[in-house]
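Peer 1: The structure under discussion is supplied below as structure tokens; questions concerning it will follow.
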Amino acid sequence: MKEWLDEIKWNSDGLVPAIAQDHKTGRVLMMAWMNRESLALTAAEQRAIYWSRSRGKLWRKGEESGHVQKLHEMRLDCDADVIILMVEQLGHIACHTGRESCFYRVFEDGQWKTVDPVLKDPDAIYNAGH
């Protein structure tokens, strides 16, 4: 039934890293973890659903913020141990900091520099609860 899930090399915790990329620009938006259930649900619902290690439960991206990731394509790398999700990022914000991407810092001159702006105040996104 779900033999395709057996092709994935899950880590010792039953997880696989998943990289979300903008399906139009190719920009890396974020990295999160998926388990068998979240990956199967992602395929079935055509939206990104991750496994929250800190909360120990499924995390439907956008369930609190409204910043849903609509799935356009899934890819598995050559070693079968990393997933790429090509997504449409609703609201153009993937990061809980209110930025387009979680990768908003660049290493320059021996330090990490913030180079991407906050598009929306996280307190406004999460009703001051994040």
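Each Cβ is built from the backbone N, Cα and C atoms, and glycine gets one as well.
The model shown is predicted, which means the values in this text are computed figures rather than measured ones.
Features from Swiss-Prot:
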type	residues	note
BINDING	D77, D79, D81	Mg(2+) binding site
BINDING	C78, C95, C102	Zn(2+) binding site
Peer 1: Counting other Cβ atoms within 10 Å, pick out the least crowded of the binding-site residues D79, D81.
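Peer 2: Minimum Cβ neighbour count within 10 Å, taken over the binding-site residues D79, D81, occurs at D79.
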Peer 1: For C102 (Zn(2+) binding site), which residues of its chain lie six or more apart in sequence with Cβ-Cβ distance below 8 Å?
Peer 2: L29, M30, M31, A94, C95
Peer 1: Given a separation of at least six residues and a C-beta threshold under 8 Å, show me what packs close to D77 (Mg(2+) binding site) in the same chain.
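Peer 2: Set apart from D77 (Mg(2+) binding site) by at least 6 residues yet with Cβ under 8 Å, we have I83, I84.
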Peer 1: Compute the mean position of the Cβ atoms of D77, D79, D81, which form the recorded Mg(2+) site, and then list in sequence order the other residues of that chain whose Cβ is within 8 Å of it.
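Peer 2: So the additional residues around the site are K9, L76, C78, A80, V82.
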Peer 1: Neighbour count first, Cβ atoms within 10 Å, every protein chain included; then name which of C78, C95 tops the list of binding-site residues.
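Peer 2: Of C78, C95, the one with the most crowded Cβ is C95.
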